[in-house]
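Chemist: Structure below; questions to follow.
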Ligand SMILES: Nc1ncnc2c1ncn2[C@@H]1O[C@H](COP(=O)(O)OP(=O)(O)OP(=O)(O)O)[C@@H](O)[C@H]1O
């Protein structure tokens with residue numbers, strides 16, 4: 001009953017249908033069909049080169065930056081196919097924030113890193129910007145560590161703090177979706193734990209998609225897991241089931257560490 005109630009109540013933010021992507025002649029994604037549920041954390045797992053990064057980058061059309069890429073199928077976001085829509089890219093990027101593997105703060109102050117996005121979207125009043133900076137840094141569990149040095153260069157922060165700053169920067173435009181491409185792979189274990197706790201705290205307010213090579217991480221923080229293999233989606237489902245009772249042998253071999 002509970003599962004049924006969840007199915008009827010949960011909205012899909014993305015509905016991907018028969019999606020294909022080529023880099024020149026090399027097809028990197030093949031007939032991908034899946035839904036990404038609102039306010040769920042979905043982990044994308046699979047061996048190196050299976051198309052995880054390519055997939056996550058298509059969700060905010062970052063892939064459009066590469067002229068060799070061709071895409072076909074449907075990539076519906078809030079019911080609109082991003083491959084044919086006239087939706088403004090800036091609007092899409094505001095709604096769908098992204099955090100990368102390596103922390104990439106701008107070489108500006110901590111404050112300016114977070115205020116950057118809201119400024120671009122027209123917010124000018126200092127008081128309003130101050131509030132956004134504070135709430136975003138609090139949301140990223142960084143406020144207490146930086147509140148007395150907001151004017152210091154962001155590059156003076158540790159790697160883990162820089163990554164949480166990048167998450168604060170993404171939160172500042174009030175996105176609906178957060179895409180994270182291996183956000184902890186460059187971090188030490190303590191910083192990794194902090195970012196994982198942060199993701200867990202954000203799951204009630206945001207739809208999160210995370211690419212990870214770390215099986216324990218996927219099991220700890222995600223609600224749903226999608227297993228990709230050689231450009232294909234092998235299966236997607238509740239994380240607990242994917243790890244304990246997958247439908248496909250290949251998934252079982254991968255999650256149990258037998259290849260990858
Ligand atoms: N910019 C690019 N130009 C051409 N081919 C690319 C490009 N980026 C990725 N590919 C190819 O697309 C396929 C999928 O790569 P992708 O980086 O998406 O895989 P991945 O699962 O994220 O790998 P990893 O875990 O190693 O990061 C690979 O065959 C790769 O060589």
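Glycine is no exception: its Cβ is also placed from the backbone N, Cα and C atoms.
Look at Swiss-Prot and you will find 46, 47, 48, 49, 50, 51, 52, 53 tagged as ATP binding site. According to Swiss-Prot, the feature domain 'ABC transporter' maps to 8-255.
Give me the lay of the land around each of these features.
Modeler: Confidence over the domain 'ABC transporter' (8-255), given as mean pLDDT on the 0 to 100 scale, stands at 95.
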Chemist: Just checking: which of the binding-site residues 47, 49, 52 have a C-beta under 6 Å from ligand 1?
Modeler: 49, 52
Chemist: May I have the list of same-chain residues other than 46, 47, 48, 49, 50, 51, 52, 53 whose Cβ is within 8 Å of the Cβ centroid of the recorded ATP site, in sequence order?
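Modeler: Neighbours within 8 Å of the Cβ centroid, excluding 46, 47, 48, 49, 50, 51, 52, 53: 228.
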Chemist: Over all shown protein chains, what is the count of other CB atoms within 10 A of the CB belonging to residue 47 (ATP binding site)?
Modeler: 15
Chemist: Can you check what DSSP calls residue 49 (ATP binding site), collapsed to helix, strand or coil?
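Modeler: The residue in question, residue 49 (ATP binding site), is coil (DSSP, three-state).
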